Every structure is written in structure tokens, then in C-alpha cells.
Amino acid sequence: MAGKSGATPATYSPSLTTSDKKKKPPLFNEDWVRPDGRAFQQCRPAFFRTGAVNAASGSAYAEFGNTKVIVSVFGPRESKKAMMYSDIGRLNCNVSFTTFATPVRGQGSDHKEYSAMLHKALEGAIILETFPKTTVDVFALVLESSGSELPVIISCASLALADAGIMMYDLVASVSVSCFSKNLVIDPISEEENNQDGSLMITCMPSRYEITQLTVTGEWSTPKINEGMQLCLDACGKLAKIMRSCLKEAASDSQE
Amino acid sequence: MGLRNASEDLSSEMEVDAFRRLFPLRYLERHLAESIRPDGRPLVKARETSIFLGAVASANGSALVKIGSTTMLTAIKMEVMTPSLESPDEGCLAIDFHMPPICSPIVRPGRPAEASPVVSKQLSDTISSSKMIDLKELSLVSGKAAWMAYLDIYCLDADGALFDAALLSAVAALSHLQIPAVAVNDDGKIVLVSDEDGQKQAQEPVNKEKRKLTLRSIPFSLTCILHKNYILADPTAEEESIMETHVTIVLDTSGQLISLYKPGGSVLAYTSAVQDCVALTRQRVKELKSFLDKENSAMEIE
């Protein structure tokens, strides 16, 4: 078999020795501690910066722990030739991963599901009427992923849109929680996401208290959903404050 | 740029901008006649360059390089492969250059940029012909297992001189690369050895401790634009789009010529112009080598 695949030999990344693997995944019980030592309702430290890519009309870089994302916004520019006439503007979203984003080397291809989700999350917040006949492109690249990529991409994208001067009703902030039987864990890392019983993600415009996207998967009880939603909304409010201060900083820097 | 002059007369500002867009070549030539470039650089000066090693935590080696606005992120991941029959004690280095849609307005998703396969090929040719790394060092068990080093370069911001930045980030990542300690387990598979339990296991260690590759001579490059009367070093994307004749010269640290690339163009390269470009590259190589050495010694102190 090895001889057949001359140009691209089949490769594997060496795993840890078997004795290490036998350590069971942590039991998510009462006295369980999160792998990175955070409290259950504590988000990872968030870092945002606008203007990461000079070639774009607007861009932003976001870093939540080891999840690192760059979003570039291009346009408003001419729509594709095949597009029909449209009174309002179009939004085009694309999310892709680098080959080294995941611990095991991947293909680095486009992520269709995240692209569609990003589009739906932003659509409601952008005032499409302000750029008729044209298209705004929002492209995201996940440099490194260690959990909760989609919420980070969405928040980062709204910051990049603001940086590009695209009119929006409000900034869009997004946060997810994972559910482990009785416990709710905010802003989960990959290890937690792989073991979760259910997950909930909210994308909202905090100053208007409006939700643009809500996804719930897995096992949830109604009171838990309420609790999880409240948790996410509070966190989104705080996240939006950080994003706003990042924009203000960039604006005051450029004035000097 | 516009904001800085916001207080000044706006109308004159507009005229300059219009002139720049309508007559890009004349706009540039007016600058060149004054021996200065639109971004304020002298003609033969490269842009500010920075190297940051270890940018990707999950990779075995990585580097982030900026030349002006052009930004490249490179990560190396080591995987295990069965070496080919022709070269049983050699590993492999696979270089891939990616231009994701975030880096430039001309790249659209689903349609890869024309430049990316060209730069990919140029990079692998340059690195293999420079004999920078000995593929035998990547061997693990002769005929059974060897390292496959996947070197992926992502262009995060494209503003000219892509090859120069990509090559610099590739060699920087290779200088940062640490080959992990591994052993062969009972099934003949290669497994990682962690520092704590490495001793007590009856596995046969193949690569006892983390090590770095020996880099023999490191290639560095400089791209210049040729104009009838001028040579411009390290062009920006705007300059590249206006004047299409460019020359890329790769030299190694001992000053040996590794490659010279002049893909056509309307301006012919006379011997003197090529010699001038080589001289410029020689200076630039010294500069880049000192940048890289400084970063590497800073890493060792940590």
C-alpha cells in the first residue's frame, strides 16, 4: 500500500503512549474542575483588535484562549454577474480553517455549516438597505481552534463589519454554554464540547436586547434552557462592552 | 493616511487621490523622479520586517512574519510515514502556500488565487535546491518509518513581495522546529514519549529527546521591480500592479546564488540591472539573517 501512494504517502501523527490514554475522560460530577481551571460561569479572557488585515475594507482579530480567528470584510462591491437585481444589499459569508487549526492536521477546507450559520447570525443585524445592488463579503479564517469557534467567529465578524463602516443596528455578540447533566459550563473548550450532553448558543444585539440566532442541541430541560439563555445573554452584554471599547480605542488612535 | 491630513484642505487631497487612481504609472514616476516612493521609502529600501517564532502553539514549529503589511503565518506539523522504496532513510518535506480569501480582495472563496500554486512550487524548489535541510535527518527507522514534515504557509495579508515573506516565514519556522521524542511500540507504530514516563517503558526509543534540525545554509530572497530607469526593492501590491517586471533573487547565507527568477515582463533585464539586484539582495540577506538569529537566540534564553 505504501508503494502505491508515491506522491502523497499515508501519514499519521504519533499519539501519546497508550498508558497515557488510559486516563479516563474526567467525570463531570460535582467536584469536577475544568481542564483550564476556570469557574463554570467564567469565560476565557477575550482579546479583540481591529485592522488586522490592511488589504481588506475592515478586519478584526479575536483570541479566546487558544481559539484564534481573523475576519476580513470586503466591499460593498459589485455583486457576481449571475446575481439578479436586488434593491437591498447582499451578504456573503465564508468560514475556513487552516490545516494546523486542529491538533491533528486537517484539510483546511471551507466549513459550509459555519458559513451558513455566520450568514444567518449577521443578516438580521446589518442594514442591507444602505448598500443596494452590491455585496458585502465577510470571510473568516480560523487560525487555531480550541473550542467555541462559531461564537468567536460571529463576534469577530461583527467587529470587522463595524471596522469596515458597514451600517448595523448594533454589534453582534455570541456566547455558547455546554450542559453536563446538572451543570452549565460557559464558553466551553474542545475537550468539554466533545463530552457535553447538550449545547446552547445565543447570538444577540445586546443594546437592543434582540436575539439574531439561537441554537439548542442535545438534552435540555426547560428550566435549564432558561438558565442557560440568561447566562449567555449576560455574557453577551459583557462581551459587547469589550468589543465596543476595542472600537473606541481604534477610533481614538487614528485621530491622534 | 487620509485622516492625518484631515485638517488640511480637503480638495487638494482629493485631487492627489484621483490622480493616483487615474494615472497610476505617472503618479509613481513623479515620485521616482524625486527618488522617493509613495510610502516614503527610498527606492532600494525594504520595508520594516519582523519575525515572531512560536506563533502556533499546537504546531511543532511556527513563525509569523511581517514585511510591511504583508503577513505570513507558517506552521509545521510532523507526521509519520513509510518512506519510499527508492529512499528508505529519508523523510519528506511538503510545502504548501495558501492564500485564503481573507488576505486580499482579489481572492474569492472556491477560486484559489493564481499566485498560490506558483509560489508553492517556487518555495519547494528553492528550499530543496538550497540543500538547507538534510532529509536523512528526518528518518526514524530505515525503510519502516520517517518524518513527514507538513509546512503550511498562510498569507494573512497580501501587500506585495509574497514570495519573500513566504520564504522568510518558512525558514523561520524550520529554525524553530522541534522534532518530538518518539518510540516504537509493540505494534510497530511510532508513539510520542512524554518526559515523565519515558524511562519505565519497555519501548525502544527512536528519537530520545526533542531536537532541532541542523540548518546548513539558509536561503533568503529579495524581489525587485525593474523600471526603465529605476530599480525598486521590496515592492508593495500597488507598485506590483503598476509595473509588472520583477526579479526575485535568492541567496544563501554564504552569499551563493540559489535562484534567479525573472518571469518575463516588458522591461528587459540588462546585466548591470541584474548585478545591482544581486548586490541589493546581498545586503538584504545580511539584514534578514541578523533578524532571524536575534529571534532564535531570544527563544533559547527563555
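Any Cβ shown, glycine's included, is placed from N, Cα and C.
Automatic prediction, not curation, is the source of TrEMBL annotations.
Quick look at what TrEMBL lists:
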| type | residues | note |
| --- | --- | --- |
| COMPBIAS | A:8-18 | compositional bias 'Polar residues' |
| DOMAIN | A:42-166 | domain 'Exoribonuclease phosphorolytic' |
| DOMAIN | A:170-231 | domain 'Exoribonuclease phosphorolytic' |
| REGION | A:1-32 | region 'Disordered' |
DSSP-assigned states of the domain 'Exoribonuclease phosphorolytic' (A:170-231) in counts, ordered helix, strand, coil: 16 helix, 29 strand, 17 coil
The domain 'Exoribonuclease phosphorolytic' (A:42-166): DSSP-derived helix, strand, coil residue counts: 30 helix, 45 strand, 50 coil
Confidence summary (mean pLDDT) of the domain 'Exoribonuclease phosphorolytic' (A:170-231): 92
